[in-house]
Ligand SMILES: [Mn+2]
Ligand SMILES: [Mn+2]
């Protein structure tokens, strides 16, 4: 059988990288020839996790069809978040925890999505269902993924299953989830070495709803003012991205990981629609989002509903 | 929590009915208030299975949004195969074994699709994963579903998992899978009491690919001549369906369940494209399909590929 690439989404976060590694390993143990790859740069948080558990980053690719016929997607399903040439290969499996959209196949496939906080939580089940033991360093990466996606269990996306999975994985990995987790999140929230371009693209995802195209970028920070103080430099960059990609809306979210609040910069011709969706008005293009930390659960559905009318 | 309806596809087959019943029961045991419903008439084969295992048919509905806010789909995911108002409710779970298409959600959900021969095979796993015991009569219905979808294990869609699941279910149900299965298939292949309208709608599904809309109906027969002898009466009916629904193609397939061959009537402006896709030509609108028994695996992907060019 020829090789199958296992890939997460563009602008990879810790879950996408850890899940690509963990699922590629599991499928390899089940007899498939796999390789984990990534579609973008490793962020500070993920670099911290990889370093901590002594694991190398997956190989960087942007296209896949020149080297394989089949791929497995983890932590995403929407085609605009995947490899540029995803339509030219066969997706044989998906393991994900996001909404399903812009995804279709000609043939039946294995598609395992569950409404939990992290792909790694589902992968832990798959390891058990297939009776494969999790190596210590992969358990550490999977734990890192859960901590990252759940903001150390504080996000509303975090379920009991995620907390339970993190407990089991921390034990295998031999670390204290809280201590290690806070250190990892802080490493990720260190934005001092980031250019403005990096800030808006590090963890950014494109979406479509009711014919509108929008992008939502999110950065974690210890102090959101560090980010928002750069508003006047950020705005022209966002405007250019909107023009280049033909977007209707760009929402740039800075999340205070210690207090679980967010502030967003909102630009594009649907900016007011977005603000209204959050039952408030833009002040100098800014939107205060108290209690909001989850793009998936607290931002995307709200904007999607607003567009669908 | 308010009630959740569990529904299979339009023109229900045995898997759709059995899986709606079996999954509604499982979710009920897991604490959800559920009711299995159906979107169309019970066919002869399913009636035989329900009668054999002493189970009543689920309630018939065409719309769902007047009575519930949330539904679970089994044995399908494409919206045109679902309730007419499926867009007006939230799909909270899907358990299926078909390609994924025309499906999207605003929120994450539980979506469990596997490339096996029958939804009931996946449901057996879910019963085990949740440690719920399968009642004898539901095991009998799930076995019936596997026999139906796999044409007694002869379809190329049938996997080792389906065969293994059927074995376990036959044991719980207390029947001989082969003997019971052949009797059930024969009951389903008795077309003598069917009107022409029923023949073309009993097990018919609509699809879309590359902007083309097509419908593929399939009937099982002991002797396909019984069906094909009515070609001259069938054609005007198919033409009318094409016109009414604005289809580009209608493929009416009669499958010889004893010898595993099919003959199709092919009409619509894309009829020649379809014939070419099967590397043959239409003879008097007929297409011989030796060895073809599976719409899902041997017909839909071939037509889809042809349309995508
Ligand atoms: Mn994730
Ligand atoms: Mn089925």
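Every residue gets a Cβ built from N, Cα and C, even glycine.
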Further Mn(2+) 1 ligand in TrEMBL, beside B:9, B:13, within candidate set B:75, B:84, B:85: B:75
Spatial neighbours of residue B:13 (Mn(2+) 1 binding site) that are distant in sequence (at least 6 apart) but have CB under 8 A: B:43, B:45, B:46, B:75, B:148, B:149, B:203
Nonlocal residues around residue B:97 (Mn(2+) 2 binding site), in sequence order (Cβ under 8 Å, 6 or more apart): B:75, B:113, B:114, B:115, B:116, B:117, B:118, B:119, B:121, B:122
DSSP state at residue B:15 (Mn(2+) 2 binding site), helix/strand/coil: helix
Neighbours of B:9, B:13, B:75 excl. site residues, C-beta within 8 Å of centre, Mn(2+) 1: B:8, B:11, B:12, B:15, B:16, B:17, B:19, B:74, B:76, B:81, B:119
Subset of binding-site residues B:9, B:15, B:75, B:97, B:149 within reach of chain A (CB-CB under 8 A): B:97
Neighbour count (Cβ, 10 Å) for residue B:15 (Mn(2+) 2 binding site): 31
Of B:75, B:149 (the binding-site residues), the residue whose Cβ has the fewest other Cβ atoms within 10 Å: B:149
Alpha-carbon spacing, residue B:15 (Mn(2+) 2 binding site) to residue B:9 (Mn(2+) 1 binding site), which is rounded to whole Å: 10
